[in-house]
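J.: Attaching a single structure in structure tokens format; questions to follow.
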């Protein structure tokens, strides 16, 4: 296999001091960018594009960009865990258990499992990218609109566990998300929906705006409303163990399987041309919750619920590179900006990239391995710094969050209207917290809803309105079959019990009161 | 996708417009002397007086930072056009003042357009990159403002469109494809960029030229270039329409076959030899995805002449020629009245075809 030869020469390039420097700049920048709500890797790379145009060093540029992307995935977990304020959709699932861990004084362990999980997932998925990029890509483009619809439906059904304690509240939250996802131009017909005649709403409400509004702003308002009843400082911390003691033996034992499972979900999803990094995090969370021996701990800070999603979103990044490098198909906002960068340097990603620019591709892939190591080295010591954030007095801390959230939305959208929308959603988020509506289903609805609708209608346009396309292709039929299974499984014990003529036992439905 | 939006420049641009003018006015030489007091007092610069004074050639331009708006996210066609212009203007020392690129994202560029027409009215230092896509955006988004309300300056570049099919498709020529599209419109799944964009416009024009009903064409819109590529490869689409360079690697790699390009002369889109034009295939359709530049409305004739002169110089510069070659953009230069006539003519043609497709309702 000459893959290893190519990879070695890639390492040869990357380990030159100047490229190591690019990688270090990238991962550091990415980490900090990931920490700030609203400012994501796509924005950062877009801002740096004109600068790198002048650098005239494609290899260095892409090493840096990959570092930013990865770094942002590492950094994104930090605010989710410490402050319940995720900055992008791929960190929302992390916030659910991560923030509960932080509240119980386990912030260090949560940050450590996120960082180490990201490293494990990043390294394994890069290995998968190295070895299987082409076959994975040719499989991924087999997915048609009908399959994407089935996949979105499956995700929607599978993650109902996020609905939380009350089914009614959960469904109301989900509906709100579905509604927010509807706003703007309908992609297929170009007709405006719920835009109230304004140009500003034509592009819809950015998921980032919804997330920053609901989490950062909503949380701040909620904390402010209860300031009198809360202790002055955010959370007492467990004493540090010192040395390599971020995770206890038990934490390690509980983390490593979720890391691997998260990687297994994240990589293929990232590789799908309409996949993305957010759906696998929710799937991973749900799966870990189902598997957990101690289900009661979920919702109160289970480490598995942090380890899985964090691994999934990092694995998704290497997955995203598969269609980008082998077919020139960008599957995320960041990948789209990177594609633009490739074109600026007159490099056309696609089937011939590996033959035409092997030096660039293998240096980029090698830089992913190096970047992961750098990120681990950067992030583990940073934990000590990040947890200090929790010692900032609450009013100052949350005022700071509000400032960064506002700046983030403005920087990402360049529109005062969007900032106002974020605040409107923030007020909504406050009331949702006050009346105990779960927040995550809103994000789920806003992400999965438009995807389901669009792919469903696309399928019907393509098939001239013939619904049978959903069952005639094996792939679609299998996915839809899984949807049926996922819906029925929670009811199975009851059905079996009834068939045997016995009254239903204590088995609960998925949405049971204390699920 | 939308988290690409940003505009660092716009933050900087929000300072009072008179301030930078005052700082630089001291460095102006004789020709600008008359303007100096005016700049210090009024933000509009000296253009108004210059125009009213009769001799338009005497207008000094620019007298302060030029704000060049790209009405889309960084990384796209309008943005790269704006940044290439910025680089050429400043590196080539065509202006002594600086040029700032600002991104105003949204609604097919019409958000930027409405800002130029309403907020920047009468300010000659506000320019905007525009193009065919914006005309479509105005129509489909029912924008209250249109391109005719700006001051046309020039068209700069253009890219051809390409019609592609998967390598295993039965269609070898455009005629075969269009014959089926006419006889059985439901059997052809067209795909391309956003609804009402260049790609769908081309499908509509092709259908018209082939004698088919533009409204009956099944066109599926995809966001970004990647999604439609994946859809073509997966077998969802019969044919895809896109910018000529977009499919180059897949054509070269043999996964995709190019049937025709939309320009006046055939170009190589990856196959190693020029693809036939649509005209050569027997349909009287030519469509260039052109990009150009306009200025804010309500500026004086003298200011307009000065801006046109500046863009003429930009176009003539060696660096611009290099940029065109590097970005694989066709030179598509028309300036002044010619540009105005072209904008009007394209607006009519595009509005007509979008109405026939049923998107302008």
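Any Cβ shown, glycine's included, is placed from N, Cα and C.
According to TrEMBL, the feature transmembrane segment maps to A:20-49, A:109-133, A:145-163, A:168-185, A:205-224, A:320-345, A:360-383, A:395-413, A:470-492. According to TrEMBL, the domain 'DUF112' annotation covers A:20-444.
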J.: By Cβ distance under 8 Å, which residues at least 6 away from the ends of the transmembrane segment (A:20-49) in the same chain are close to it?
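T.: Residues 14, 60-61, 63-79, 85-88, 208-209, 211-212, 215-216, 332-334, 336-338, 340-341, 344, 367, 370-371, 374-375, 378-379, 382, 401, 404-405, 407-409, 411-412.
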J.: Considering only the recorded stretches A:109-133, A:320-345, A:395-413, A:470-492, state which has the highest number of Cβ pairs under 8 Å to the transmembrane segment (A:360-383).
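T.: Per the Cβ count, the answer is A:109-133.
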J.: I need to check the long-range neighbours of the transmembrane segment (A:320-345): which residues 6 or more away from its ends have a CB within less than 8 Å of a CB in the stretch?
T.: 40-42, 45-46, 49, 52-53, 58, 61-62, 65, 69, 129, 133-134, 136-137, 140-141, 270-277, 351, 353-354, 361, 364, 368
J.: With Cβ-Cβ distances below 8 Å as the criterion, list the same-chain residues six or more beyond the ends of the transmembrane segment (A:109-133) that contact it, or say none.
T.: 3, 7, 70, 73-74, 77-78, 81-82, 94, 97-98, 101-102, 238, 246-248, 251, 255-256, 258-260, 262-263, 266-267, 270, 301, 303, 306-308, 310-319, 321-322, 325-326, 365, 368-369, 371-373, 375-376, 379-380, 383, 386-387
J.: Could you pull the average pLDDT for the domain 'DUF112' (A:20-444)?
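T.: The predicted confidence over the domain 'DUF112' (A:20-444), as a mean pLDDT, is 83.
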